[in-house]
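Novice: This structure is in structure tokens; I'll ask about it shortly.
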Amino acid sequence: MSPREIEVSEPREVGITELVLRDAHQSLMATRMAMEDMVGACADIDAAGYWSVECWGGATYDSCIRFLNEDPWERLRTFRKLMPNSRLQMLLRGQNLLGYRHYNDEVVDRFVDKSAENGMDVFRVFDAMNDPRNMAHAMAAVKKAGKHAQGTICYTISPVHTVEGYVKLAGQLLDMGADSIALKDMAALLKPQPAYDIIKAIKDTYGQKTQINLHCHSTTGVTEVSLMKAIEAGVDVVDTAISSMSLGPGHNPTESVAEMLEGTGYTTNLDYDRLHKIRDHFKAIRPKYKKFESKTLVDTSIFKSQIPGGMLSNMESQLRAQGAEDKMDEVMAEVPRVRKAAGFPPLVTPSSQIVGTQAVFNVMMGEYKRMTGEFADIMLGYYGASPADRDPKVVKLAEEQSGKKPITQRPADLLPPEWEKQSKEAATLKGFNGTDEDVLTYALFPQVAPVFFEHRAEGPHSVALTDAQLKAEAEGDEKSLAVAGPVTYNVNVGGTVREVTVQQA
């Protein structure tokens, strides 16, 4: 064969899910980004060539009504209008929806239907316990609505979590009708070799056409290599965030991943000019949110502690409130013991907060002398099945302290109908607009929704710094810099003027 006859295969396209409109600002600035700071980038995001755009779900719904006085449903409708060519994607906590407890199946159905009706395309459905029973109904509702159901595996490390176990869970999700599988690494624990092994094993077991999406955070500094190894193993789509909203406890930069693949036999086919415009847009608005910025850069200690950053800050605030910050090391050591007693659940919302709070209680009050209601529920099965057996001694204590009995069935099977009750209660609230969307807002956040409904007409309340405030801060910094060096004074001492130079400390 002559050189001219050598076949050159086309690079394999790797899809990209852009996270800047949801998880990027949730991870970097406590989910405080206002809609007004996102709309200007939507046209470029829509035309950049992403596989999907994550823009809703997770903590954004709560943040909209609690902090920003924004209607989350209006946010979704606006994204749909501004990005007509994009697959819009959300993160859904299975039977928990976007709240912090399990909801009756009818509420789940209504929520999924309304999300689809308002413009959502891809539903990434996960469960904090990796219990497929807690994902089944939500996924069925997504399929019924004619949308993309993405079954999710929460990645964690423990003596009971293995490649084989993750492959088995992937099979269960596929049997439920999952259109794709997401491997979700929320704490940046996924090292390169396990990334390769898990992706390859799922592909080898269920076929190369099985779509797998990979979500990694960047907190530990190793996961960009993990993305590369996953791509080599056949992963179809990876999650990234535009560079001006990336790294730290956030995610790997979109442009870096795209550039990394050039010349490797893989490509993203993204429009670099559009990426640079998106980058510049968020680079300009990010300083407005600096008071909410996470201070975390790279932290490899997570590999040992298994404690994600959000969980760490939550425990610190609890200890600070009790004047016991000196107990932090003891609490850090207690977390793995509490997690083991609970059967090694992945540390993701809400299990991370529940395990962390119980660790604080154990250190402050003695081991399981006082158990939170939520931790007792985990021990008794009310959050679902744990990956491993729970400590029977702690289960017994949970029974005694809570007055409840252990369960083995799907927790939502025990819930009474609640839609009619929620509808009637919501209808009595000032500012309620009569829609199912408002009923859902009340059902998910019954303490916050009444205040939001009453003040919704006032419009969004951005918590970002204004341009005037940023300018004033910059001018203040310049004045500080002006006196940062040695300062010379003329001092009159007994009628004699002396020149004194003072060096700034």
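Cβ coordinates come from backbone N, Cα and C, glycine included.
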Novice: Among Ala48, Ala59, Ala149, which residue does Swiss-Prot annotate as binding substrate at the site that also has Arg22, Asp23, Ala24, His25, Gln26, Lys184?
Specialist: Ala59
Novice: For the substrate binding residues given in the record (Arg22, Asp23, Ala24, His25, Gln26, Ala59, Lys184), what is the largest pairwise C-alpha separation in angstrom?
Specialist: 17
Novice: Check the Cα-Cα distances from His215 (Co(2+) binding site) to the binding-site residues Arg22, Asp23, His25, Gln26, Ala59 and tell me which is shortest.
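Specialist: Out of the listed candidates, the nearest Cα belongs to Asp23.
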Novice: Given the binding-site residues Ala24, Ala59, which one's Cβ is surrounded by the fewest other Cβ atoms within 10 Å?
Specialist: Ala59
Novice: Taking every residue in the domain 'Pyruvate carboxyltransferase' (14-276), what is their average pLDDT?
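Specialist: Reported value for the domain 'Pyruvate carboxyltransferase' (14-276) is a mean pLDDT of 97.
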Novice: Can you tell me the CA-to-CA distance separating Ala24 (substrate binding site) and His217 (Co(2+) binding site), as a whole number of Å?
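Specialist: Approximately 9 Å lies between the Cα of Ala24 (substrate binding site) and that of His217 (Co(2+) binding site).
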Novice: What are the other residues, in sequence order, whose C-beta lies within 8 angstroms of the center of the C-beta atoms of Asp23, Lys184, His215, His217 at the Co(2+) site?
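Specialist: Apart from the listed residues, the neighbours are Leu19, Asp185, Met186, Cys216, Asp239, His251.
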